[in-house]
Each structure stands twice: as structure tokens, then as C-alpha cells.
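Asker: Here it is: the structure, laid out below.
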Amino acid sequence: MKPYRPAFALKNFSSLAPSKPPISVQNVETFIDARGIKTGFDPNTCRSNFMVENLLRKGYLSTARQVFDQMPSRNTVSTNMMISGYVKSGDLLKARHMFDTMLDRTAVTWTIIIGGYVQKSQFHEAFKLFAEMRRHDTQPDPVTFATLLSGCNDAEADNELVQVHGLVLKLGYHSSIIICNSLVDSYCKTDHLDFASRVFEDMPERDSVSFNALINGFAKDGLTEDAITLFLQMQNLGFKPSDFTFAGVLSAAIRLNDLAFGQQIHGFLVKTGFVGNVFVGNALLDFYSKYDCLVEAGKLFDEMPDLDGISYNVIITCYAWSGQHEEAISLFRELQFTGFKRRQFPFATMLSIAANVLDLRMGQQIHTLAIVTTADSELVVGNSLVDMYAKCGRFEEAEKIFRSLAKRSTVPWTAIISGYVQRGFHEEGLNLFNEMHKAGVRADQATFASILKASANLASLSLGKQIHSFVIRSGYMSNVFSGSALLDMYAKCGSIKDSIQLFQDMSERNIVSWNALISAHAQNGDAKATLDSFEKMVQSGFQPDSVSFLSVLSACSHCGLVQEGLRYFRTMTRIHNLVPKKEHYASMVDMLCRSGQFNEAEKLMDEMPFDPDEIMWSSVLNSCRIHKNQELARKAADQLFSMEVLRDAAAYVSMSNIYAAAGQWDNVGKVKKAMRERGIRKVPAYSWVEIRHKLHVFSANDMLHPQMEEIRKKIEMLSKQMEKEGYKPDTSCALHDVDENIKIESLKYHSERLAIAFALISTPEGSPILVIKNLRACTDCHAAIKVISKIIRREITVRDSSRFHHFKDGICSCGDYW
């Protein structure tokens with residue numbers, strides 16, 4: 001092989017100094033040979049090293065290895081270059097193998113291999129190598145320390161960082177600016193700002209990097225004022241800011257909640273010319289996106305002279321957070337035609353869009369693209385995949401990805417738990433929470449919100465109280481979101497007193513906690529407390545949102561407060577500048593129909609900016625049953641039956657019940673036939689009650705419970721007492737064309753009555769009873785439970801699919817308006 005002659009490179013170097021006479025190639029080679037002799041280098045080795053270095057610089061790693069293997073003699077420089085080449089290419093295995101076979105290692109050799117492990121985020125392995133380096137009596141230099149410290153990025157490196165700092169002091173490197181800067185940066189990244197500040201203050205000399213490290217540390221930890229003060233100090237001392245400086249300051253401005261300050265920084269960036277820097281531009285883009293300044297963010301993105309993958313990630317995420325999914329999807333399509341690294345595409349953001357809109361097909365397409373780019377192996381993408389599949393109800397895929405995750409942190413656990421709970425699989429969600437606890441993974445406020453929702457929907461007060469204790473032990477009791485979730489849980493378990501007490505004990509309240517209280521009163525049918533809480537919230541300076549008004553309108557609807565409901569509906573737009581959503585119109589339609597104002601309800605549906613949906617027409621149909629408006633009922637039923645997709649068989653059941661109540665059994669048969677032809681099945685009615693931490697579930701005419709004989713005896717005994725109190729069964733609720741006595745007998749064994757009877761034989765006298773039903777209670781059961789509460793002198797709470805009914809001394813909290 002011909003020796004490498006770097007003629008072209010030397011020609012370029014010579015052109016940089018034209019005043020000197022040109023140097024011939026022969027003279028250069030003589031000069032190199034002379035230097036090799038003087039330093040002890042073999043001339044051939046020296047030339048080969050130049051060749052290996054040149055090949056590595058051009059990216060020809062395999063060719064460089066071939067030259068290296070053919071070298072008759074090698075030195076430490078040769079091997080260091082090859083190890084460095086493997087490290088830069090990401091092949092740490094070959095780099096380590098070559099390192100392990102070396103006999104003569106210098107500080108440079110150790111630094112290269114340590115840097116390789118740091119690049120791969122394997123800090124503990126890098127530290128082991130550093131310790132081994134010390135055992136081999138090789139003195140680390142400032143570059144070694146800086147390389148090692150660059151890997152101290154999280155709290156798990158605490159002990160090692162302190163040991164390295166101690167060694168820096170021992171070896172007298174405490175005045176080295178490169179090491180001190182690295183120490184400040186590492187302490188900031190491991191959340192030890194006190195140590196970072198101390199190192200910074202003790203530095204005999206500082207530069208812009210020193211200030212940048214601490215400014216970014218303060219910003220990251222939320223110490224916004226300290227970050228900005230340090231930035232101003234840096235300016236006063238004459239240090240020139242860099243792109244990293246402005247990134248830290250803009251990050252602090254986000255937390256400062258001061259849009260004007262960020263805009264001032266924007267102006268300063270324009271003056272200093274940094275606004276054209278893509279790194280600074282991205283930080284500014286992130287600032288505007290965090291303030292929901294979509295117009296400013298979009299304009300900045302369009303005007304940026306240079307864009308990179310991060311620019312697209314930030315603007316796509318900005319649109320996604322603001323609910324502008326079409327814009328986000330359009331930009332993601334545009335991103336795919338750029339030359340930016342596909343692995344760094346915002347897959348997590350796009351998956352969150354698919355999860356929120358329940359677009360499984362889109363989610364699967366993003367998943368495929370993530371697999372192709374190997375981005376699916378990244379933890380944040382894996383977590384988002386679990387969340388997307390769980391929210392779309394594809395639990396098999398969600399579990400498969402979840403179990404395959406390299407690290408299962410709180411995030412994926414919470415994602416899959418909340419997915420099960422949102423889909424109504426409460427017990428599965430609670431089982432996963434138990435598994436999460438056993439695995440030693442710490443729950444956060446989002447986890448607790450999900451499992452509290454599960455216990456609320458199951459109306460398991462004992463379970464809710466256990467979780468309450470868990471929240472206290474975990475230190476999240478002061479968190480306003482955890483407190484609001486607990487408030488909601490107690491309300492849905494019928495314990496409104498505990499809900500109110502929790503609200504009063506809150507050290508901090510926000511719109512979420514106020515909404516939870518307003519909703520609690522609304523669910524429990526207390527319209528006065530609902531409206532009072534709403535007004536107190538407004539007086540406290542909180543701006544009501546769409547959730548606040550939905551609870552208020554629901555309370556007005558359930559309690560027949562039509563005029564109040566109309567007034568609050570008008571104030572949404574006139575006073576609070578809120579645009580009513582479909583659910584607000586649905587509440588208004590329900591309120592008007594319940595009060596028998598069908599003309600006004602139809603007028604509202606004609607005037608609203610969207611077509612009536614299943615919920616609205618179902619409200620009309622249910623109210624028609626109450627007010628016996630068969631003509632409008634047929635119209636509502638026709639609208640419902642013509643819909644391509646229905647949630648369940650409720651529309652068919654309601655229409656069937658209307659015909660049955662009128663004795664039109666032929667029409668009942670026709671509705672049931674149409675229902676069968678469409679393949680829709682009626683949802684079976686279930687009621688359950690919690691006794692000694694166990695849920696007991698009953699269906700109508702149930703015979704499966706082991707204590708059914710005792711339960712039926714209790715029902716017979718109650719029936720005799722109820723008859724003495726003047727109770728007469730409403731057989732119109734027995735919707736079957738059978739003998740009157742059979743109808744009366746069947747009404748006795750409706751699921752809620754079985755649950756109440758079981759609670760009576762299983763709990764102490766005088767204790768309250770809470771029964772949950774998955775569907776609405778019938779009018780006969782409502783009348784019967786009023787009489788039972790008077791006979792047994794107990795408070796009975798029934799939560800059906802619509803609301804709470806609190807029965808006491810023969811009276812229901814709903815005032816028979818339901």
C-alpha cells in the first residue's frame with residue numbers, strides 16, 4: 001500500500017500564509033519524518049495514523065479499521081483514534097473490546113471510553129471506568145472530569161457526583177473553569193441548586209458558560225426571579241449572552257406568568273440579532289406556545305429563517321394542546337417531507353391527538369411510522385402508545401406494549417389504569433393499581449384521580465376512604481386536583497357532608513375544586529346549594545367555565561327551576577363570554593321537556609348551531625313518557641331509530657314503555673321486533689350495595705344470591721307493612737302483557753328493592769343504606785322506597801343513572817320531580 005501523502009491538505013494550509021515561500025511536498029515529508037524521530041514516533045506509524053484520522057473524519061470507519069489492522073506497528077494514538085471512531089459511530093461494544101485489549105492506556109484513552117458510556121446515558125458504567133482509571137494510577141485531566149460530569153443528569157447520580165467533586169478538590173482542580181462549569185451544570189441537573197450556587201460563588205473566574213449553567217438551573221427548578229436576576233447581573237458584568245442564555249431566560253419567563261416580559265426578551269433578541277438563531281427561535285416559539293399565543297407562535301414559525309425538527313415539534317404540540325388538531329396534523333404531514341430526523345418526529349403528541357379524539361386508525365398509522373423509525377423504543381412514545389390504545393378500548397394491544405416497556409414509570413401505569421376506568425372497567429383499573437403498588441411504583445395525582453373515579457363509579461365508600469388515606473400518606477393531600485377528586489368521590493358515594501368538609505379544609509382552591517363542589521350539590525339534587533356555590537365562586541374572583549354552567553343547568557333541570565335555568569343560560573354569552581356547547585343545549589332541552597314545555601324545546605333545537613343528537617332526542621322521549629305526549633314521542637323515536645349508531649337500546653325501550661303504559665301491546669311488539677332486527681339488546685338493570693367491603697349485585701327477580709331466601713322473607717314482611725301505610729303498586733311500571741297479580745308480584749323483586757332488603761338484614765338498625773343502580777329507577781320503586789324509609793326509620797340513598805334520591809321519613813330529596 002502506498003504511504004499516505006497529505007499533499008492537498010498541505011497545499012491548503014500553505015495558502016493561508018502567502019507571504020512565506022511555498023513548501024515543497026518533499027520538504028514537508030522530511031519535516032514530518034524529523035518530528036517523528038524527535039518524538040519517538042515511527043515514521044510509518046505516523047503516516048498511517050494520519051491516514052486513519054483522515055478516513056475517520058470522512059466517516060469511512062470500516063476502511064479506517066482495515067488500515068489500522070494492516071499497520072505493522074501501532075501506538076496509543078492509533079488505538080485511541082479507532083476507539084474514538086467506534087464511540088462516535090455508536091458502536092460501544094467494539095470500542096470497549098478494543099479498550100479492554102489495550103496494554104498502554106493514557107488519560108485520553110480513558111476519557112474517550114468514559115465519554116462513550118456518557119453518550120449512551122450509562123453514567124454508572126462510566127463512573128465505574130473512572131474509578132478503575134484511578135486504580136490504574138492514571139491521572140484524570142480537566143477534560144476527563146468535564147466528560148464524566150456531563151453524564152450526571154439525574155438524582156440517581158447524587159453519590160457519584162459528590163465523590164467526583166471531592167476528588168476535584170483533592171487534586172487541586174477547584175480553580176479550573178471547565179471543571180467548575182461542569183460541576184455547576186451537574187448540580188443543577190441533579191436538583192442540587194444549593195451546591196451549584198456555592199460552586200458558582202466560589203469560582204475565582206467565571207465566563208458566559210458559568211452564568212448559562214446556573215440561569216438554566218434556576219429556570220428548570222422554577223426559581224424564575226433568581227434566573228432573571230442572574231441574567232441581569234451577567235449583563236451588568238459585561239458577559240456576552242449566548243443562545244443558551246436566552247433559552248434559559250425564556251424558560252424562566254414561561255414560569256413567571258408574565259407575557260409582557262417575554263415579549264421584551266423577544267425585542268431584545270431582535271436587537272441583538274439572536275432571533276434568527278434556530279435554537280433561540282425554538283425557545284421563543286415554546287414560550288408563545290406555553291402562553292397559548294397561537295397567532296404569535298404561528299407568525300414566528302412562518303418568519304423563522306431556519307427551521308429544524310424541534311421547530312416543527314413545538315408548533316405541532318402548540319396546536320395540539322389548543323385543540324386545533326387539523327392544523328397539527330397538517331404540519332405533521334409537512335414535516336414528513338422535510339429532511340429532518342424522522343426518529344425525532346412528535347410521535348407522542350400525535351398519539352395524544354389520536355387518543356383524545358378516539359381515532360384508532362390514526363393512532364395505528366402513527367404507531368407504524370414509529371416502528372419504521374425505531375422511535376417506538378423511546379419511553380415517551382411507548383407511554384403514549386399505551387395511552388392511545390387504552391383510551392381507544394384496545395386493551396390487549398395496550399397491555400402488550402405496557403408489558404414490553406423497558407421502564408414502567410408512573411406515567412404508563414396511570415395511562416392504562418385511566419384507560420380501563422374511562423371505559424367503565426373499574427375493577428380492572430383497581431386491580432392494576434394494586435399491581436402498581438406491589439411493584440413499588442409511586443402513584444401521582446393523576447393516578448389517584450383515576451382510581452378515585454373508579455371507586456366513585458362503584459360507589460364503594462370504604463374503598464374511597466382507603467384511597468383517601470393513601471393520598472394523605474403519599475403527600476398529595478395539599479394538591480388541589482387530588483382534593484377535588486376526593487370531593488367528587490365522596491359526593492358520588494352519597495356522602496355530601498364529607499365533600500363539603502373536604503372543600504372547607506382545602507388550603508388552596510381553583511376552578512376545578514369549585515366545579516367539583518358545584519357538581520356535588522347538583523348530583524345530589526340540591527339546586528339551592530348548587531346555585532349558592534356558583535355565586536360564591538364568582539364572588540371569590542373565579543371566572544366560571546363551561547363545566548360550572550353545565551352543573552348549574554343540570555341542577556335547574558332536575559329541580560324544575562326553568563326560569564333560573566334560562567337566566568343562567570343567557571348569562572353564559574352575555575356576561576361570561578362563553579359559547580354554549582352541545583351539552584349545555586342538551587341540558588336546556590331536558591329542562592324544558594321535563595316541565596312539559598315541548599314547543600319551547602323544539603324551538604331551541606331548531607335555533608341551535610348544530611343538529612340535535614341522541615342525548616337530546618332521548619330527553620324528549622323520556623319526558624314524553626312522563627307527560628304522555630305520544631305524538632311527539634313518535635317523532636323523537638323516528639329521529640333516534642334513523643340514526644346510524646346508537647349508544648344502547650334506551651330509545652327502543654322508552655318507546656316500548658310508552659306503548660305499554662298506553663296498553664298498545666301490538667306497537668310494543670313492533671318496537672321490540674325492530675330492535676331485534678337491528679341487533680340491539682336492552683341493557684339489563686342491576687343494583688348493588690356494599691356490605692363489609694364487598695359489593696353485592698342484584699338483578700330483577702334474582703335467585704342467585706346465597707341469602708336470597710332471607711331477602712325474599714324481608715320483602716314479604718315489608719310488603720305487608722307498606723300496604724298498611726297505604727302503598728298501592730303502580731302496575732303501569734310492569735311493562736308486560738300479563739295478569740295484574742303477576743305484575744304486582746314482579747314489581748316486588750326489582751333489583752333496587754332486593755339490594756335494600758339485603759342491606760336491611762346485613763347492617764345494624766338505624767344505619768344509612770346506599771344503593772347504586774345502573775339505569776333509572778321506575779316510578780313504582782320510587783314510591784315504594786319512600787314508604788320503606790318511613791317504616792324502617794332509616795335514610796336510604798339511591799343513585800341511579802340520572803341522579804341521587806335521598807329518602808328519609810317517607811320523603812325524597814327530589815320532591816317527586818324526576
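From the backbone N, Cα and C atoms, a Cβ is placed for every residue, glycine too.
Quick caveat, the model's predicted, so the values are computed rather than measured.
As listed in TrEMBL for this protein:
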type	residues	note
REPEAT	75-105	repeat 'PPR'
REPEAT	106-140	repeat 'PPR'
REPEAT	176-206	repeat 'PPR'
REPEAT	207-241	repeat 'PPR'
REPEAT	308-342	repeat 'PPR'
REPEAT	378-408	repeat 'PPR'
REPEAT	409-443	repeat 'PPR'
REPEAT	479-509	repeat 'PPR'
REPEAT	510-544	repeat 'PPR'
REPEAT	581-611	repeat 'PPR'
REPEAT	648-682	repeat 'PPR'
DOMAIN	726-818	domain 'DYW'
Asker: List, by number or range, the same-chain residues at least 6 past the repeat 'PPR' (581-611) whose CB is under 8 A from its CB atoms?
Answerer: 546, 549-550, 553-554, 556-558, 560, 562, 565-566, 569, 572, 619-620, 622-624, 626-627, 629, 632, 817
Asker: Excluding the flanking five residues on each side, which residues at least 6 beyond the ends of the repeat 'PPR' (479-509) place their CB within less than 8 Å of a CB in that stretch?
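Answerer: Here the qualifying positions are 445-446, 448-449, 452-453, 455-457, 459-461, 464, 467-468, 471, 515-517, 519-521, 523-524, 526, 540, 770, 797, 799, 804, 806.
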Asker: Can you tell me which parts of the same chain pack against the repeat 'PPR' (648-682), counting only residues 6+ beyond its ends and a CB-CB cutoff under 8 A?
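Answerer: Residues 614, 617-618, 621-622, 624-625, 628, 630, 633-634, 637, 640-641, 732, 735-737 contact the repeat 'PPR' (648-682) from elsewhere in the chain.
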Asker: Give, as a single whole number between 0 and 100, the mean pLDDT over the repeat 'PPR' (308-342).
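Answerer: Summarising the repeat 'PPR' (308-342) by its mean pLDDT gives 90.
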Asker: Would you mind listing the long-range same-chain contacts of the repeat 'PPR' (510-544), meaning Cβ under 8 Å and 6+ residues beyond its ends?
Answerer: 480-481, 483-485, 487-488, 490-492, 494, 496, 499-500, 503, 551-552, 554-556, 558-559, 561, 564, 576, 578, 803-806, 813-814
